[in-house]
């Protein structure tokens, strides 16, 4: 071992016994390359942001709690503002104009977020975004318009059942094959929707078949969107922010032309100006909360996985429906509850079919752990009983 001082550091060079290496002839730069250790730095952890704030340094459990709270706050507020706007007399025919306002807000937020995180490169061709924008307009426009003809809880329940059109669209667009569990989940969802629709028609004072046609059209368009996004993101790549920016900006142009042709734009513009706070004000809050909610759900998937994200969003929808019945007076029947339970069971059956191997391993591990605990408890109990019995026998002998 030959100690060498290199740039103020004490470095030990190990040489072989059969070679005589003279370090004096080695330049300082060569010495750096030969003697200093080479290390490969670990890649930096993926950054986790919540509404612009970096929460990567926080513990996982605290990240999860903050994200869950954000989802409940944003989406409950989103649903409340949406239902509140359609309570305004005369608002019912202007669902498409509200969708235009929502698309403009989403596009602006998507551009600002992309500029903030330097994510502005477009990877998918514009022709694909033109198709995606059309179906995005269909699903969100019809969904917003259906609020004027449906109870809000009914609309939320229908939106929970996008599996049915997604399954059909996957078979037609991507040629997928689905198993028995997926088919069973779709059948259960269909039964739950029928139960909810029958209950709604029996007790709702504003039952209108047009609302059901609109929300079914929104679900069909949503199924096409999901399959097209999955197919093209596998082919071209691209981020979720890119999808939001281009789909909603092109969609805003579509809705603008549509409302101009139908004449709704000028009527809605005049109506919104008469009630600026309850239309533009509420609409701005509505759109901003919706955009934040979408981003937080994607972040939760990254932090806790799809299973936990689905669980949180399912309970969020249940809370939204409950608050809708409490805060906005509407008739209620227990048939709503039974139909909701059938649909919730179908959601988790579908989720199980997608994660069957992982869930089976987890279920078996939990079952074995609980059985071991039960055996240990029984052994301790038997040991105590045996010791008590021996003590009684010894006492009697004495």
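Keep in mind that glycine also has a Cβ here, set from the backbone N, Cα and C atoms.
Those TrEMBL annotations? Automatic predictions, nothing curated.
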Of the residue ranges 180-199, 360-379, the one that TrEMBL records as transmembrane segment: 180-199
Contact check, the transmembrane segment (279-300) vs the transmembrane segment (180-199), 3+ Cβ pairs under 8 Å, seq sep 6+: no
Proximity of the transmembrane segment (211-228) to the transmembrane segment (94-116), 3+ C-beta pairs under 8 angstroms: no
Leading contact stretch, 61-82, 94-116, 128-150, 334-352 vs the transmembrane segment (248-273) - CB distance under 8 Å: 94-116
Selected stretch (most C-beta pairs under 8 A with the transmembrane segment (334-352)) from 61-82, 94-116, 128-150, 180-199: 180-199
Positions on the same chain near the transmembrane segment (61-82), where near means CB under 8 A and six or more residues out: 48, 50-51, 55, 144, 147, 152, 156, 282, 285-286, 289-290, 292-293, 296-297, 299-300, 303-304, 308, 312-313, 316, 319-320, 323-324, 327
